[in-house]
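> Please read through the structure below; I'll follow up with questions.
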């Protein structure tokens, strides 16, 4: 396997011809191995917080912090502690003995407290994406914002060591900040992908010669190799656009699947897979840490302490790999942001900040107007709205179903999470192989993922068939049945995450990557409210979580015709044509300004 020292230095190809400059000061240096691994490093850093924090231990920590401060709704006895009833803290208390906590004059269920916190976090995250992410397309903001979100987010996870039950509300504040930084950083990270692909030597050769001369991304034993990266030289962060290599304008790819899309898909898939690898590793370490600390006297007297140690570990991991990203990933500056110059005085700085936020909201509106002129972008975003809603709804419903109807323990739910995560890791590596083996276009691969995803709700609905219900098995009637479905969920999610992100990247007008990925993320987060709300209403109406599978089955099918209609090559050419014909020229850089 290649060593870190080998990865950190990759000689530049002597015959590499840089692409044409879209604006003054653009860095068109060839993409090297170190820069690609710097991009991977942040995914490895933040995916751990997404899976181990947001997806597993943060909800448990919030609920337990509130529970230790709460009381039973009817008897007003403590939920935990020596005076608590034996069944109060283990999930077997009757409904009228729910654990509640006083907050702002109300008595809130401790589980609902965690749900409300994450709902607020998603809302704040969406506002932050709009306010700041569009600025990443300008000057050196792209890398600066990525690192700022990474270090602030990791700090919120580590600060949970200081949160004790009497100040459980501060834990909610940390969650809101952490989730906001997580989502915002991924938007900025995604905006690097089209730029890295555009400056890759193999893509430039394929464009210049009108060939599909791509990297051979493969695995030989344990060695990961990309053929054209073996001889590159990474010239460092200070490599500028000027140089001895002639700047040339790429020609249009002649194939139905562009070199950019193929390489983008492969890099994206590997990035998702490496993120899942890191998440599984830290999740296993976290479970071992929880098991060890829970046996100590301190862990028994302070139930949240083991969970807070896990969040400390997650935060340290996030910060450490963000440092690696800061060393290896180039800034890739955008064009100057005209009219926004930081002032010297305090008041002037506030005025500049307000102008920046106002500009970001205006930029979002401009992004929407530009997107509406690109048919493939509109169709894809409509499909992505439904796909992301389905993923979020299936995840939430599955956990709720496992706890309430299959009665899985917390450890079993954790193992279910690891199963899905490991499957997602395998899926991220598997889908590119499947796509190459059967010569599938990106949208066809997404359609195959959606078809497999439909297995989950269909299997859950089998229990509505009388003779299957009488068997007492199949249709999610036994706890073990949810684990194979967890594998399906993971494999499909890994494919959808990488292929949807990569396909959308090819539809974006060059120079507007961060703004369009902010719209991509806003579509994702905006849809996350819809499905869970409808499933919740169905549960209230029927008293059964299983009824949610009916809605999920329909929801998963809805985006299929839209995905089928997306033509990636036509969308890419439309985006390039829009940039070339944009007024005020400089190739329309900065959202076609």
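In case you wondered, yes, glycine gets a Cβ from its N, Cα and C as well.
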> For the transmembrane segment entry in Swiss-Prot, name the matching range from 352-372, 415-435.
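In Swiss-Prot, the transmembrane segment feature sits at 415-435.
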> Quick one: which of 377-397, 503-523 does Swiss-Prot have down as transmembrane segment?
377-397
> If you look at how Swiss-Prot annotates this chain, which of 238-258, 448-468 comes out as transmembrane segment?
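The listed stretch tagged transmembrane segment in Swiss-Prot is 448-468.
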> Looking at 207-227, 480-500, which stretch does Swiss-Prot describe as transmembrane segment?
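Within the set 207-227, 480-500, Swiss-Prot attaches transmembrane segment to 480-500.
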> If Swiss-Prot is the reference, give me the range from 42-62, 63-83 marked as transmembrane segment.
42-62
> Give me the stretch from 42-62, 305-325, 415-435, 548-568 with the greatest number of Cβ pairs under 8 Å to the transmembrane segment (181-201).
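Looking only at 42-62, 305-325, 415-435, 548-568, the most contacts with the transmembrane segment (181-201) come from 42-62.
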> Could you check whether the transmembrane segment (159-179) and the transmembrane segment (112-132) come into contact, where contact means at least 3 Cβ pairs under 8 Å with the two residues of each pair 6 or more apart in sequence?
yes
> How about the transmembrane segment (548-568) and the transmembrane segment (305-325): do they have 3 or more C-beta pairs under 8 A, pairs 6 or more apart in sequence?
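No, the transmembrane segment (548-568) and the transmembrane segment (305-325) are not in contact.
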> State the residues, same chain only, that lie 6 or more residues beyond the ends of the transmembrane segment (480-500) and have a CB under 8 A from a CB inside it; answer 'none' if no residue qualifies.
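Contacts with the transmembrane segment (480-500): 265, 268-269, 271-273, 276, 384, 387, 391, 394-395, 398, 401-402, 406, 408, 415-416, 419-428, 430-431, 442, 445-446, 448-450, 452-453, 455-456, 459, 473-474.
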> Look up residue 443 (N-linked glycosylation site) in the DSSP assignment and reduce it to helix, strand or coil.
helix
> Which chain-mates of residue 443 (N-linked glycosylation site) that are at least 6 residues away have a CB under 8 A from its CB, listed by sequence?
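Residue 443 (N-linked glycosylation site) has long-range Cβ partners 503, 563, 564, 566, 568.
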